[in-house]
Amino acid sequence: MLGSYISGFLLGFGASVPIGPINILIINEALESYKNAFLIGLGAMCADITYLTLIFFGIFTHVNEHSFIFHAISFFGSVFLIYLAYKIFKSRAIDNSKLKTQKYFKSSIKSYSKGYILTILNPYTIFFWASMLAYVNQNNLHFGFTVIGLVSAIMLWITLMPLFVHKTKSFFSQKISAYINILSALIIFGFGISIFIKLVITLLV
């Protein structure tokens, strides 16, 4: 059981650390509000658990890169990423004094939903967790303890990473924060375009 927990923890850590749309979004949000950044991560984690549960019960057994579900998720995922990139780019012009009064208008539900939707609409999330489940089965790991370890690692990451960014935000001037916003927007836009191009190529092949 301890081995299953450790394996799950390492899998969760491996899934959390790589720089992708969610981590970029969390970092960008943490410069304004730790709470909202954490809630984005929490939403993403809940989306991961949603997919993991559906895969466990065999609902996504026949999903592949040529299935309608995969194409639909890819399309809406790319559109959502491009939309988020636009919103982040647009926010670069807001100065820090305005952020202090405006950030509290961002509802907790909106931040949570942003993380949940972004992860749910990432088509490769399905394949990652399907691979994880296969790893659990092949190595005869305890599913429950593996999931507990996985959730523990993700929770640790989404708690500490945005906290570190938020606590060090005083080192970033308004100009640097604006550059970070622009860079974040470009990276997320790149992810969105990449998913859309792969979808088009898959449909044409």
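Every residue, even glycine, has its Cβ placed from backbone N, Cα and C.
In TrEMBL, annotation is done automatically, which means it is predicted and not curated.
TrEMBL annotations:
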- 6-26: transmembrane segment (TRANSMEM)
- 38-62: transmembrane segment (TRANSMEM)
- 68-89: transmembrane segment (TRANSMEM)
- 116-136: transmembrane segment (TRANSMEM)
- 142-166: transmembrane segment (TRANSMEM)
- 178-201: transmembrane segment (TRANSMEM)
Selection from 6-26, 38-62, 116-136, the stretch that has most Cβ pairs under 8 A to the transmembrane segment (142-166): 6-26
Maximum Cβ pairs under 8 Å to the transmembrane segment (116-136) - stretch from the list 6-26, 38-62, 68-89, 178-201: 38-62
Intrachain residues whose Cβ lies under 8 Å of the transmembrane segment (6-26), provided they are six or more past its termini: 37, 40-41, 44, 48, 81, 84, 88, 114-115, 118-119, 122, 128, 132, 135-136, 139, 141, 145-154, 156-158, 161-162, 165, 184, 187-188, 191
Positions whose Cβ lies under 8 angstroms from the transmembrane segment (178-201), at least six residues beyond its ends: 20-21, 24-25, 27-28, 31, 71, 74-75, 77-82, 84-86, 88-89, 91-93, 122-123, 172
Residues of the parent chain within Cβ reach of the transmembrane segment (38-62), under 8 Å, 6 or more residues beyond its termini: 15, 22, 25-26, 29, 69, 108, 111-120, 125-126, 129-130, 132-133, 143, 147, 151, 154-155, 157-159, 161-163
